[in-house]
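Per TrEMBL, repeat 'ANK' is recorded for 24-56, 73-105, 106-138, 140-172, 173-205.
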Amino acid sequence: MKGFTELTTILLNHHATVDIQDKGGLTPLHLACLEGQYDTASLLLNAGSKWDYKDIVELLIQNKANINKSSLNGSTPLHAACEKESIDIVNILLRTGSKVDVKDKTGKTPLHLACRKGNEQIVKLLIHNGASIDAKTKKDKMRPFHEACRNGHRNVVEILLENNVKYDKQNEQGWTGLFFSCANGYNDIVKMVLNRKAGVNLTDKDGVNMWSLWIVSCRHCKEKRV
């Protein structure tokens, strides 16, 4: 591997196995680092090469690898680290200048991914480093709070509320975090958000309000218990 980043990109786009090993057990990522081809290594990391190589990430950074380099879908190493819930790598990237609010092509920030995963430590770390808690995606206008509520991550919801998230913001469909919580039967989150005096009379694009969603969800839960 001689740093042919274009060729590496082509191979990755054709679903080449990113962590394939040679007879000596070395992966493309190992070889890229051994050859000093740090742009190629960044591509491999961003494509999902295993994130348990903390020393490799530090080596890349020491050799001035572009830690904000994005993939074809616009995601960066920080996106990948949050997706894989690798707090050590997130820490290293933030400490060495990763853009905390960088967006992929859909508008998702690393905080969107951390909230979707429900990783409290990473969420706190991103916010501590200045992440915008109200960032929204391009098409569906989803925010980190929506992701946390939709996936039932109570502790993450609490963290966002403590950091003054705008909990009544609606997505493209008109749903707030409260709508997602009601629809999915996350009653503990519903109570938590209602205690913040969230708007209970908001409606989505179809005229549906949170009460309708909550009633349907409760009825469904009762039917499952029968």
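Including glycine, each Cβ sits where the backbone N, Cα and C put it.
Across the repeat 'ANK' (106-138), DSSP helix (H, G, I), strand (E, B) and coil residues number 17 helix, 0 strand, 16 coil. Across the repeat 'ANK' (106-138), the model assigns an average pLDDT of 98. For the repeat 'ANK' (140-172), the number of residues in each DSSP class (helix H, G, I; strand E, B; coil) is 16 helix, 0 strand, 17 coil. Helix, strand and coil content of the repeat 'ANK' (173-205), in residues and according to DSSP, is 15 helix, 1 strand, 17 coil. Counting residues of the repeat 'ANK' (73-105) by DSSP class, helix then strand then coil, yields 16 helix, 0 strand, 17 coil.
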